[in-house]
Amino acid sequence: MSLIKKKNKNIRIIPLGGVGEIAKNMYIVEVDDEMFMLDAGLMFPEDEMLGVDIVIPDIQYVIENKEKLKGIFLTHGHEHAIGAVTYVLEQVDAPVYGSKLTIALIKENMKARNVNKKVRYYTVNNESVMRFKGVNVTFFNTTHSIPDSLGICIHTSYGAIVYTGEFKFDQSLHGHYAPDLKKMTEIGEAGVFALISDSTEAEKPGYNTPENVIESHMYDAFTKVKGRLIVSCYASNFIRIQQVLNLAQRLNRKVSFLGRSLESSFNIARKMGYFDISKDLLIPINEVENYPKNEVIIIATGMQGEPVEALSQMAQKKHKIMNIEPGDSVFLTITASANMEVIVGNTLNELVRAGAEIIPNSKKIHASSHGCMEELKMMINIMKPEYFIPVNGEFKMQISHAKLANEAGVQPEKIFLVEKGDVVNYDGEEMILNEKVNSGNVLIDGIGVGDVGNIVLRDRHLLAEDGIFIAVVTLDPKNRRIAAGPEIQSRGFVYVRESEALLNEAEEKVREIVELGLQEKRIEWSEIKQSMRDQISKLLFENTKRRPMIIPVISEI
């Protein structure tokens, strides 16, 4: 197994994302003077991140040490593993390593964002060995909900540093989804120095339901549907999409996709042979009405909450393309996260009101694309690591995974619970966590990268919750008088017609502040504006208990 004879001096493992959160995976491994980036993912914004499109890791540390970076190594083609690659490549030069499908999806992302940069791409597989000055890097096939997923092995003189990526064990899957247990066993027997492993389902007991069992239960449910069938699933779950295609074939139904998020990745994967599908199975969404309702399946796809949002719009007759009709059946394959439960519940009620029948779901028809407790222990037992670092999960999931590692025989002092920016150092004798590097989130709003910070988010929250209050006044500084105004405008604060007295009082307060400022020897515009903010804010809060954003506008003639 690609052992390194030359002794390495120092190893550093640094998570820049993917810890304390599910998504935004990015882990830096440094061996002596060589740096390797494992995954470069994004995260979709939380509800309170108003106006933010995506979130990526802060790579300032990588930029400061870019001469060391030997490459970006990717485990699979999901956005939380590859979504930040284009942004990273805009700031540093590095080759990109990934499976055939992963590289194809990266190239598509580069094209979509108009990043016209020459990049060296290396397509790797289960047999690839990439040789560097102080280490070798190899790969092993894993099972995830997207084909050609890989684990990554960095071979050092102390043993292998293994990053599992996101994985599960499912013996019912074959071909592009099959794990290479033989290769994993060989890696474990050769000696694993550190295991960096997926913690997403570390709190879920047992094993995942095998995918062939899920498909069988889906078939039983689908055969009972007499009318149009709408299946809601994530665009990233290629296994589930293939299962629906399989069942449509068996039930003699045509399939149409509703959701832009899938089109690009599906078409790429289909052209590359990752989907088993007959030529005449798919029909455009605008041709669905040409077929009897009992001869079609609509797959409503998207990222994050998009599939549920689409169903909600369809139920309320607000969707641009199609709406729910009495007699439709809806089947949800997505699992509602804690923050989505209320939204999903409301959507189900809307669907029923619109006349749809909800196909009852059971745990038998749900499987995560991440390993449950017994699968995680299986990976630990196969690899037999000296050190263990649980990643890709909320902190409580990392803790649960750490307990599993201890149960599997890893000594407690050799298990590291890390946060973003933590540096796990090994100097040849012991591994310690004794350092921190710059880390955090970079918020992307439209085409702006990193120009939305906490202050901007605070202002957006203020606008969303309490609105905006604008005071406009025109001055004649030469004659020291108010030439026009004050004029008060507000949006999202109070209903003007019902608050005329308050607005008139605010107007008089502005006039008073400005006239007082004009009496000073030297007129200080900044002081007048600040006084307007402070006193108007106090007045409005006393009367409404709300604090709108106050914008004083002073112009001169």
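Easy rule for this one: first residue shown is 1, then count along the chain.
Just so you know, glycine gets a Cβ as well, placed from its N, Cα and C.
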Residue in Glu64, Glu90, Glu127, Glu166 which Swiss-Prot records at the Zn(2+) site where His76, His78, His144 also bind:
Glu166
Take the mean position of the Cβ atoms of His76, His78, His144, Glu166, the recorded Zn(2+) site. Which other residues of that chain put their Cβ within 8 Å of it?
Thr75, Gly77, Ala81, Ser145, Ile146, Ser149, Gly165, Phe167, Ser369
By Cβ count within 10 Å, point out the most packed of the binding-site residues listed: His76, Ser368.
His76
So what sits near His144 (Zn(2+) binding site) in its own chain, CB-to-CB under 8 Å and at least six residues off in sequence?
His76, His78, Gly165, Glu166, Phe167, Lys168, Tyr177, Ser369
Please give me the CB contact count at 10 A for His366 (substrate binding site), counting all chains in the structure.
15
Cβ neighbour count within 10 Å of Ser369 (substrate binding site):
26
